[in-house]
Amino acid sequence: MSWQTYVDDHLMCDIEGQHLTAAAVIGHDGSVWAQSATFPQFKPEEVAAIIKDFDEPGSLAPTGLHLGGTKYMVIQGEPGAVIRGKKGAGGITVKKTGQALIFGIYDEPLTPGQCNIIVERLGDYLLEQGL
């Protein structure tokens with residue numbers, strides 16, 4: 001299965017008639033493995049800061065999580081495993097696997113919990129596969 005299939009079928013999937021706004025699978029080095037057409041153009045330093053927060057939990061809290069120039073307020077996640085951010089009625093969930101970061105961006109009417117389930121389910125599966 002291609003990485004694009006994971007994004008299209010497992011991240012941008014239909015949940016009660018709704019779906020994520022954007023999604024991507026990005027390597028720890030910042031390379032894009034696959035992304036939805038709507039995923040924001042990001043800067044390498046934005047991904048580097050996210051990776052740093054996985055290694056040093058809490059490092060993003062003072063500045064916020066930035067992706068594609070959008071700032072998200074960091075909310076409770078799972079240190080070293082999941083980072084969650086909020087902006088208005090939407091937000092972002094980032095799950096770290098052995099080799100990649102799984103990104104999900106959502107907006108109302110999708111809920112934070114639904115985004116977490118979508119992103120973390122794929123991330124957990126990839127971890128089980130050694131990825």
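Here the Cβ of each residue, glycine as well, is placed from N, Cα and C on the backbone.
Annotation comment: Swiss-Prot describes Cys13-Cys115 as disulfide bond, evidence class a curator's inference. Positions annotated as phosphothreonine by Swiss-Prot: Thr111. The feature motif 'Involved in PIP2 interaction' is assigned by Swiss-Prot to 81-97.
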Taking every residue in the motif 'Involved in PIP2 interaction' (81-97), what is their average pLDDT?
98
Please list residues from the chain of Cys13 (disulfide bond) whose Cβ is under 8 angstroms from its Cβ, counting only those at least six apart in sequence.
His19, Ile118
May I ask you to report the DSSP-based helix, strand or coil state of Cys115 (disulfide bond)?
helix
Cβ neighbours within 10 Å, counted over all protein chains: which one of the recorded positions Thr111, Cys115 has the most?
Cys115
DSSP-derived helix, strand and coil totals, residue by residue, for the motif 'Involved in PIP2 interaction' (81-97):
0 helix, 13 strand, 4 coil
